[in-house]
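Here's what Swiss-Prot has on this protein:
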- 75, 76, 77, 78, 79, 80, 81, 82: ATP binding site (BINDING)
- 6-30: coiled coil (COILED)
- 346-506: coiled coil (COILED)
- 553-633: coiled coil (COILED)
- 673-706: coiled coil (COILED)
- 821-847: coiled coil (COILED)
- 876-1064: coiled coil (COILED)
- 1094-1149: coiled coil (COILED)
- 1249-1305: coiled coil (COILED)
- 707-824: region 'Flexible hinge' (REGION)
């Protein structure tokens, strides 16, 4: 009979809490059978006891007890079967990225519902899914997940994983997660309340914050078969559960069977570990070196830049503070100095103002005198110009007078000639008229008689005319010639008389002109006087003329004499003025020459004395200045040496700190260096010994680390060649307790090779070339080998083996067994510990060696750079002493300068007095000349007389010289001149009358023959007419000639007369100008002599020079006054400025003192003052320090960009007004660096020492890297052998798995198996790796690529037809190092008449596919357990459970096969089946979903042991 139990639940909500009412609880008819545990090699397998769902949809608080084998959930559609399984899977794999609960109709889909099937299966509030398990250690563990819906459109669910341990087996899981609040009500506890409840009952509650930790706990406690380290492992596990849940052959699993069935590289990876791990360690070492370098560089960079940044600002502030103090003191000194200068300037202003007033008054006087001198000079110049004009005009007038006289004579001659020519012309005109009349009369006659008659008549007329003119009544033709001769003689006598009168007239005219000229000259000189007194006046003038002429000639000498006297007088006045000035300046009253000469001698002596004293002081000052320059040069030399000396001292101090020694002399440094060399040699020997020991241990570890336990790699090649397996590999799984027995059992043959046929191998032994000295071969089946081949007896300390009938071998149990992986691993652990100890000792000794080397290097650098300076005296102390000496010298120099200034003032005063005396002494004789003024007056009177005579001579000298030769003509006045002139006129008239009579008589004489025509005069008429005509023509020609002569003489007379008029006009104008000039020069009132201009100019220049000197002095004084006034303003401003600067500087000093005190307090309290007070920076300028600080600031901004705290601290420190923030930043950096120091490597808190130790550590790591590089010499052949061994072992394991699947049958499927094959491309790769082709060795000898990359490149070489895609060589190489990529796995089934064929869903029925898929999943789980056996506790066998939803597709036989499979493989199975399915075995739950009002719940009835028997 079966036991029946039923539990009904109703759910209702009260006050927002989920309440449970138990309406009907039926007691279980027969109590559940106790949960039994099956054993696995003596270890019981863990089991899932129950599944508890709290507040799921339809299940408020339901616990499903799970059967040991099969638990069936039976019910209709929507009853809750899938929900129950979803709760189980959620508790098993609580990963929302994987969970996707779809029904079988959406199998293979990737989308599904939006909430992936979980959100809709939960109710609002807190939900739980809990698995109750009991593991191989009989520990009860409750693992589960708290679920809660998250409000929102995305239908998200929040998961919290937890575990509970220590709960009694009798405790119901439902009671743990709910709290009863009434007889029929309960509420769900939240996670915190659950934690409190579990802790109250004494159990352990643990919540997990990652799925990896949750699964790690489940693996450690034996709940899941495999450690799920990553999301990929969880995905595989979920795919396996999903494939199990939905049934069938999962393509996701079959496509990647290698990943599920084959374990990760254990053999190959372990073999490859020797090289790849070494590479990895090398890379880690490189990374460590990089990290160390980065830390070291960071430390160096931060310390250097921070020190530069803060120390430069610290020293700049210190310099500025010192500079501000000095500036304040300097401002105060300038303030006091400006006040003293102001007082001195005020006194000087008063003195200069008084002098300026005196100079102004003197200048006004000099200006008046100078203007007078200028005016006098102008008058003299005007007078000289007038005198020059007078002289020129006098000369011109004299010349004009002579020319005028000459011109008058010429005009008179021309006039006489003109009158004579006119008279002749008129006579010729009369004769022409007479001839014309005769000719006219002749022409009137018609014939010759008439003409003769006319001629006769004309002759009579001419006779009558002659009678009339001559007054001769008796004149006739006969006596006409006599009368003509008489009258002609009378005419000649009259002509002689006229000529005589003309001669007398010319003589009279000459006498008269001389008299008139002399009279005019006398009147010109003496004025208008009677003609009678002219001779007396002329005689008086001529008598005085020689004395006046002589006096006039003496005028220049008198002028020169007067000029010399006036100069002497001017010198006398100048000397008087100099004497007065000298007395005034010297405050003396010296008057006599003796007194002046004595004082002159005193001043010369004084000047010599002062000059001697001054030269002595100059020499002393020069000596002091030379001494000061020497001190300055010495100071500069020490100032140049000071930074280097300070740097050397800092280096020496660091060396003393590093070495712990104190060095007083350079020889101490050299001795210490020698001792360090000795110590370094000793430590190097210890290091080499430890290195040798470490290498031996590494060799043993490497030999024991072989996966098959072979110590000789040649054995692997021989085993592969013979087709056998190493004996050590067969006993690889032997326990550590049995390891001594088996090691002694086989003795020397523990490294034998197990082969199937010794005879086949014996033939190959002769061909062996490279093999161990002793090679043991044992015949047997490697897949089923045991120790029955040997006859052995175990003793207390060893084993006796019957080798043959006549040979026994006794082998003692080894103290350190190495047979079997467990023994080797134990020995490896011991060797690893020993190696770690040796490595630690080696590292310490190597560190000490490096430390010695670094210390010696530092000492060498110190010797090379600083030894010459480090032990010299302190330059700063010398500089202080030099400063004191320089200050003393400066004080002495100031005293010398003051004394020298006073001496120079005395010397200048003495020289000025001496200069005045030198000017005054040569003029002493002038001062004593008392009658100088009288002589000047006398000379001036003589000069006035002489100048008057000179003026008279200059004015009338020419006139007197003209008068002197003709003065005698004045003695008699020519009074008969007019009578003679009348007589001459009368004689000329008579001459004209006589000549007319002569002409008339001559006409009658010429016509005398005409008288004969009285009777017959007609015959000669024509001849007479012709003669008349000829005569008329002659007379006309003569008239024309005379007319031309008259015209010429008229023009000549006009020209001469015009010249005369011009001369007269010029004479009159110049004479008038001369009179005007004489009047003007008389009005000027000055003497225009030759020296007048020179004297006037000299006087003017002297006054101008005096005025200029006075003006210059006054200008200088006024400039000095202006300068003093401006300087007074400047001094006032300077006083205010210096006072303000002093107060400002004092405020700065006071204000900076507060901040400086804070800086000092911070630096001293943090022990940073010594690092900040870098004295060598004190010798840099503020700009250089600021530039250093700015550069360091820029570098620090980059360095601390990733550190928020330091970045903020640096930003705050940039405020220049608060230098203490920079010190705080410095402290923060040091604190940060102290925190960054790796205490496991560096044993110091000081970052400076940390840098040193980092250097040492870096050298050690570099040496270690070099050593490890030598270990990377693994060959490609060994890798290929290990890979083949691993593949062979896995093939054997797959064959063992196939044995468990041989008897499985589902429908027509009678058997299932796995087929393992090696890929052709990878087989070629293995052949290439194990071959001896030199063409491939270049890849593995290249140090620039890793072994993985070399593998990838080799794979590409031998398979050029395969496209590698975008994958890198490293990725491909890593895949090639995984032996699973060399294998192809396929699932085959033996189905009916088809025989063995590939297992595919299309070739199998649904039930066959489900069964086949379940078989594959069981194989995977079994493989996982085997793979994880080493990393799992030896007393743990994990739970084994699979799912199957919708089991209706399986027939009863198939279900029975599943039950059998579960029983045979010790597996639990959870299936879901329709209502009509009732398995014979296991536990079955009937699920019915009921609805009551608006509430629904699932009614569950559990059946155990239900089934029918045939």
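Using N, Cα and C of the backbone, Cβ positions are placed for all residues, glycine too.
Known features from Swiss-Prot, placed on the structure.
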{"residue": "75", "record": "ATP binding site", "Cβ within 10 Å": "22"}
{"residue": "76", "record": "ATP binding site", "Cβ within 10 Å": "14"}
{"residue": "77", "record": "ATP binding site", "Cβ within 10 Å": "10"}
{"residue": "78", "record": "ATP binding site", "Cβ within 10 Å": "12"}
{"residue": "79", "record": "ATP binding site", "Cβ within 10 Å": "23"}
{"residue": "80", "record": "ATP binding site", "Cβ within 10 Å": "29"}
{"residue": "81", "record": "ATP binding site", "Cβ within 10 Å": "24"}
{"residue": "82", "record": "ATP binding site", "Cβ within 10 Å": "21"}
Note the Cβ centroid of 75, 76, 77, 78, 79, 80, 81, 82, the recorded ATP site, then list each other residue of that chain whose Cβ lies within 8 Å of it, in sequence.
83, 1472, 1487, 1489
Which listed range (346-506, 553-633, 673-706, 1094-1149) shows the maximal number of Cβ pairs under 8 Å with respect to the coiled coil (876-1064)?
346-506
For the region 'Flexible hinge' (707-824), the number of residues DSSP places in helix, strand and coil:
45 helix, 25 strand, 48 coil
According to DSSP, does residue 81 (ATP binding site) sit in a helix, a strand, or coil?
helix
Where does residue 76 (ATP binding site) sit by DSSP, helix, strand or coil?
coil
Average the per-residue pLDDT over the region 'Flexible hinge' (707-824) and send me the rounded value.
79
